[in-house]
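Working notes, structure below.
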Amino acid sequence: MLKFISLIFGLLIMSFLNEFMTFISYLVFLGLGWLFMYNSNLVSMSYFSCDSLSWFMVILTFWIIVLMLLSSHSYKVTNFFYQKFTFVLMLMLLLLFFTFTCSDLLSFYIFFEGSLIPIYLLIVGWGYQPERLQAGIYLLLYTIFASLPLLISIFFVGDYVGGFSMSLLSFGCDESMWVSFWFMFSIFAFLVKLPAFYVHLWLPKAHVEAPVSGSMMLAGVLLKLGCYGLMRFMMFFQGKVAFLSSVLVSLGLMGGLAVSFICLRQVDLKALIAYSSVSHMGLALGGLGSWGLWGYSSCLYTCVAHGLCSSGLFFLSGVIYERESRSWYYKGYLEIMPSMAFDDLFYCIGNIGSLWFMRFMMFFQGKVAFLSSVLVSLGLMGGLAVSFICLRQVDLKALIAYSSVSHMGLALGGLGSWGLWGYSSCLYTCVAHGLCSSGLFFLSGVI
Amino acid sequence: MNLYFPPFIYSFFLFTGTMITVSSSSLFGAWMGLEINLMSFIPMMINSENNKKSTESAIKYFLIQAIASGIVIFSALYFYFFNSSTLSQVPNMLITLALSMKLGMAPFHFWFPEVLEGLNWINSLILLTWQKISPLVILSLFFYSKILITLALTSALLGAISGINQTSMRKILAFSSISHLGWIGGMMYFNSSLWLDYFMVYSFTSFILCFSFWMLDLNYFSQLTMLKNLNAKFIIFINLLSLGGLPPLLGFLPKWMAMMVIKTSFPILMILILSSLITLYFYTRLCFSTFTLYIQSMTWFKKENSSMKNFFLLSILTFFSIIGIMPMSLLYL
């Protein structure tokens with residue numbers, strides 16, 4: 001553990017030098033080293049521990065930090081405070097590493113809060129519009145306000161189990177009087193961080209105002225802090241508040257449904273991705289709320305998959321923004337950058353796929369989740385479809401575009417069959433169609 | 001930088017007065033210490049600056065403190081009359097009210113920002129930290145708990161709310177000090193001596209802030225945006241957030257201890273935490289110009305004549321407030 005920490009700390013110091021791309025090689029090295037920590041399960045009573053849960057989160061963090069560096073190369077080119085940018089980035093890496101690996105509840109809380117500072121600095125410092133101030137304040141005060149009850153609850157838990165170590169949490173709580181109140185009180189911080197529906201209002205604002213790297217980090221890792229905390233903390237209440245399962249599941253799933261309705265009428269790409277991530281996190285919450293092993297692992301996988309996909313989508317929206325300085329639906333981009341449209345398609349598919357994988361895991365959860373997943377996919381695919389249809393000026397392209405919409409309809413149908421075959425056929429359709437149609441578009445571009 | 005500090009003799013008596021108060025075994029001796037302290041602070045206020053504002057604030061300070069000291073000595077006599085009697089709660093209430101007037105706790109806080117507004121940074125620092133020691137020590141011995149907790153909660157909330165719309169740095173520090181007094185009073189209510197640690201960390205953070213404001217010559221909110229040096233801005237924002245008590249910084253440590261003490265009473269804890277959230281809001285509002293990486297460039301900018309010589313000390317102090325919580329929390333584990 002300490003070797004990783006000292007390397008990250010060295011990177012933090014290195015950010016005072018005028019380096020930028022050098023960080024990437026170090027980070028790749030770090031990530032590769034971390035790969036070997038898989039299954040090491042260092043759960044101890046000491047300060048740091050690593051089980052597969054924190055392993056996943058940390059590797060996600062490394063990955064996304066690399067992507068953030070890659071996507072912000074223009075700061076180096078235009079000399080826009082890039083030194084401070086790398087410093088903030090490395091600070092965030094350090095704090096997130098501590099958050100995910102420390103096994104002490106109080107220090108978990110401190111780093112959980114501390115990771116808010118670098119993202120706040122990113123949004124307010126490198127964001128685009130003046131409204132970023134409001135977004136930053138929203139982010140900061142909303143989450144701090146919600147997490148103070150968590151601190152109080154941590155004190156009570158520490159008194160109750162006789163120590164602040166996370167491994168003591170598994171002893172569980174035998175209280176029966178106030179346990180549901182205690183439960184809601186202590187997970188409220190994570191629900192805001194997740195964000196669950198009703199308390200998600202800070203997220204789209206922050207995403208729209210954040211720079212690309214900021215929203216990649218926000219969607220990729222910081223939302224997962226909520227999941228991570230929930231997964232750690234629900235251990236303590238295991239079996240005591242099973243009757244609250246319906247509350248959590250319906251909060252997650254109905255919230256996801258409602259948000260995916262909102263998704264359908266977004267014009268801003270970043271807001272669209274932000275709302276879709278709210279919906280995804282709602283599904284993760286639903287998985288957790290089922291209080292089962294399957295739901296638990298599905299939550300973990302959703303987190304990882306969504307972290308990968310949504311950060312990719314944000315990256316692509318940033319590519320658009322750098323060229324157009326707007327982030328609405330883009331029209332006709334297929335002509336200019338066909339391979340980028342291809343990437344975008346793939347990430348969208350990945351997003352749906354992750355959702356679907358999730359669905360597959362929590363097979364038993366009912367129909368609402370299904371509906372919401374369809375709606376999210378409708379939102380995302382609708383975005384794509386609109387961008388395709390708008391190519392209508394050129395006949396050939398319109399033809400291919402409409403054909404691709406219909407292909408996607410096929411893929412969706414495959415998903416709707418609820419089976420493994422449908423699932424894989426959807427994947428193959430998507431891949432094959434992605435390859436073919438981008439080739440076709442390329443050819444039409446040549447013509 | 002100007003180290004001209006004439007009233008050395010006054011500062012000696014200032015120190016002595018507090019020491020007499022803290023170490024005296026009778027209420028009369030404590031009162032005498034308070035008076036010596038007051039009488040030596042007033043010439044310091046007037047001497048250190050030669051404008052009318054400092055004189056005005058000295059008069060205000062004198063009037064308030066004299067009235068409060070009068071009530072203190074009156075309640076001391078009262079204690080003497082009712083010695084070994086159950087009725088002694090009346091002087092107890094009186095001395096609690098008088099001391100909170102001396103400290104500037106909430107219903108009696110109106111003089112505090114006004115007085116602070118007329119002082120230079122050294123005197124402001126003394127008023128914010130050193131002048132609070134002796135009343136706090138007496139208060140921790142002779143408080144009437146119901147009144148104390150009411151005053152503490154009121155000052156936590158009022159200090160936080162009235163700090164929102166301020167533009168003067170001194171007034172912001174004054175209101176934050178009022179709301180910190182709320183926390184200290186809350187800890188005292190639970191008979192914990194940890195308020196001393198709270199007070200020490202608070203003094204340290206406000207020392208760094210006053211020092212940096214003094215060095216960078218900042219008096220008002222708008223001057224912060226005119227700073228050209230981004231590093232100076234960073235130093236100020238880190239210390240402000242530390243004073244506000246954002247978790248990984250040093251200022252969170254006393255709040256943490258206070259929460260540990262106060263957690264037996266849930267409503268008190270919630271009110272205090274809410275008030276600290278409001279203070280955090282106005283600290284972040286102060287730091288906007290730092291966060292947005294905004295550097296104003298104008299042709300008629302003041303030439304930067306202050307050299308970097310004392311930046312060294314300032315950055316070391318800032319470093320303490322960044323990582324200070326780690327060794328300190330290890331001490332308490």
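Glycine is no exception: its Cβ is also placed from the backbone N, Cα and C atoms.
Remember, TrEMBL labels are computer predictions, not curated facts.
Copied from TrEMBL, the annotated features are:
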type	residues	note
DOMAIN	A:1-99	domain 'NADH:ubiquinone oxidoreductase chain 4 N-terminal'
DOMAIN	A:103-331	domain 'NADH:quinone oxidoreductase/Mrp antiporter transmembrane'
DOMAIN	A:351-445	domain 'NADH:quinone oxidoreductase/Mrp antiporter transmembrane'
TRANSMEM	A:7-32	transmembrane segment
TRANSMEM	A:52-70	transmembrane segment
TRANSMEM	A:82-100	transmembrane segment
TRANSMEM	A:106-128	transmembrane segment
TRANSMEM	A:135-157	transmembrane segment
TRANSMEM	A:177-203	transmembrane segment
TRANSMEM	A:215-235	transmembrane segment
TRANSMEM	A:241-264	transmembrane segment
TRANSMEM	A:271-293	transmembrane segment
TRANSMEM	A:342-362	transmembrane segment
TRANSMEM	A:368-391	transmembrane segment
TRANSMEM	A:421-443	transmembrane segment
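Long-range contacts of the transmembrane segment (A:106-128) within the same chain: residues 47, 75, 80-81, 84-85, 88-89, 91-92, 95-96, 98-99, 135-136, 139-140, 143-144, 147, 150-151, 154, 158, 164, 166, 189, 206, 209-211, 213-214, 217-218, 222, 225, 229, 232, 321, each at least 6 residues beyond the stretch ends and with a Cβ under 8 Å from a Cβ of the stretch. Where the transmembrane segment (A:7-32) meets the stretches A:52-70, A:82-100, A:177-203, A:215-235, A:271-293, the count of C-beta pairs under 8 angstroms peaks at A:82-100.
Nonlocal intrachain contacts for the transmembrane segment (A:135-157), taken as residues 6+ away from its ends with a CB within less than 8 angstroms of a stretch CB, comprise 105-106, 109, 112-113, 116, 119-120, 123-124, 127, 164, 169, 173, 182, 185-186, 188-193, 199, 201-202, 205-206, 208-210, 229, 236. Note on the transmembrane segment (A:177-203): residues 112, 135, 138-139, 142-143, 146-150, 152-154, 156-157, 218, 222-223, 225-227, 229-230, 233-234, 237, 240-241, 243-244, 251-252, 254-256, 258-259, 274, 277-278, 281-282, 284-285 of its chain, located 6 or more positions outside it, place their CB under 8 angstroms from a CB of the stretch. If one looks beyond the transmembrane segment (A:215-235) by at least 6 residues along the same chain, the residues whose Cβ comes under 8 Å of a Cβ in the stretch are 53-54, 57, 60-61, 64-65, 67-68, 71, 92, 96, 99-100, 108, 112, 115, 119, 122, 150, 166, 169-170, 172, 186-187, 189-195, 203, 206-207, 270, 273-274, 277, 281, 284-285, 288, 291, 296, 299-300, 303, 306-308, 310-311, 314-315. Confidence across the domain 'NADH:ubiquinone oxidoreductase chain 4 N-terminal' (A:1-99), taken as the mean pLDDT and rounded to a whole number, stands at 86.
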